[in-house]
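Annotated features in Swiss-Prot:
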{"type": "COMPBIAS", "residues": "299-314", "note": "compositional bias 'Low complexity'"}
{"type": "DISULFID", "residues": "Cys35-Cys96", "note": "disulfide bond"}
{"type": "DISULFID", "residues": "Cys43-Cys89", "note": "disulfide bond"}
{"type": "DISULFID", "residues": "Cys80-Cys119", "note": "disulfide bond"}
{"type": "DISULFID", "residues": "Cys108-Cys147", "note": "disulfide bond"}
{"type": "DISULFID", "residues": "Cys112-Cys136", "note": "disulfide bond"}
{"type": "DOMAIN", "residues": "178-298", "note": "domain 'NTR'"}
{"type": "CARBOHYD", "residues": "Asn49", "note": "N-linked glycosylation site"}
{"type": "REGION", "residues": "297-325", "note": "region 'Disordered'"}
{"type": "SIGNAL", "residues": "1-32", "note": "signal peptide"}
Amino acid sequence: MVCGSPGGMLLLRAGLLALAALCLLRVPGARAAACEPVRIPLCKSLPWNMTKMPNHLHHSTQANAILAIEQFEGLLGTHCSPDLLFFLCAMYAPICTIDFQHEPIKPCKSVCERARQGCEPILIKYRHSWPENLACEELPVYDRGVCISPEAIVTADGADFPMDSSNGNCRGASSERCKCKPIRATQKTYFRNNYNYVIRAKVKEIKTKCHDVTAVVEVKEILKSSLVNIPRDTVNLYTSSGCLCPPLNVNEEYIIMGYEDEERSRLLLVEGSIAEKWKDRLGKKVKRWDMKLRHLGLSKSDSSNSDSTQSQKSGRNSNPRQARN
């Protein structure tokens, strides 16, 4: 038998991978788990219908994977990245083919990075971070190993991801798919969203690079800032997605309210941000709102300190009989 013979070992060492794979399939105990139909509801719309367990996150069954992937439903609902669902399914329900049955195929590093860039700002906003078990650093690069990306999959109906006209090698969400939910600048919204920065700025340029849109603006006035330094100069507002929401027009002047990425010292223009045409009246309103917000914050702090002091005092005299004695 070729597999067990010295000649077979020599052939294996010589790099005849096809023969080696055949040998492994025939050796008892070396057989890998077979492909199985995708049963994870979130992943049934993806362009592959066969997967294999355990997956890249070491879930032994799809039932376990379903419970784990459900935690991302809320993040998927924000549409923070067109690559997020593809990336998650490539990790939780990896594609399985006859040619690659021994080890699930990993998603490409670039897919992970695009998903993280688009969605990490949303996670940061709610005091979370990108999950460590979904780290991009260890994933293969497209031209150095076997991996999958949306660009590499063409369905019977053609490519699911249209070509980006600004980069022939990049495919992403088309601008026609971007539906921005308008948010008006009101005191209620300002209090609820608690923005990290508010600036008056003129839009100089909108840069589109693959799955990222960046707005280049000239800062005219800083109405509010937090930890990230904002110069009275040209700065970038990072959307970290293929959509510019809220929309901006070049050469127009806006009042912009958004969030920041402290770790990267970036100003973010993401879901929940506001951009309205600049009006002096609106600028004055926002300054008043911010003063109220600061006052409310101080009042709450003073109130809690007062309550704490009062409770300590009342604690010492909690028993009237003891006090009289």
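Any Cβ shown, glycine's included, is placed from N, Cα and C.
In this structure, the C-alpha atom of Cys136 (disulfide bond) lies 9 angstrom from that of Cys108 (disulfide bond). According to DSSP, Cys43 (disulfide bond) sits within a helical segment. Cα to Cα, Cys43 (disulfide bond) and Asn49 (N-linked glycosylation site) are separated by 9 Å. Confidence annotation: the domain 'NTR' (178-298) carries a mean pLDDT of 88 in the model. Between the CA atoms of Asn49 (N-linked glycosylation site) and Cys96 (disulfide bond) there is a gap of 8 Å, rounded to the nearest whole number. Taking a C-beta cut-off of under 8 Å and a sequence gap of six or more, Cys147 (disulfide bond) has these contacts in its own chain: Ile105, Lys106, Pro107, Cys108, Lys109, Leu139, Pro140, Val141. Annotation note: Cys96 (disulfide bond) sits in a coil segment as assigned by DSSP. Classification of Cys80 (disulfide bond) by DSSP places it in coil, neither helical nor stranded.
According to its DSSP assignment, Cys35 (disulfide bond) is coil. Cα of Cys112 (disulfide bond) to Cα of Cys89 (disulfide bond): a span of 11 Å.
Under DSSP, the residues of the domain 'NTR' (178-298) split into helix, strand and coil as follows: 26 helix, 47 strand, 48 coil. Taking a C-beta cut-off of under 8 Å and a sequence gap of six or more, Cys89 (disulfide bond) has these contacts in its own chain: Ile40, Leu42, Cys43, Leu46, Ile69. The most crowded of the disulfide-bonded residues listed here (Cys35, Cys80, Cys136) is Cys80, judged by how many other CB atoms sit within 10 Å of its own CB. Secondary structure from DSSP puts Cys112 (disulfide bond) in a helix.
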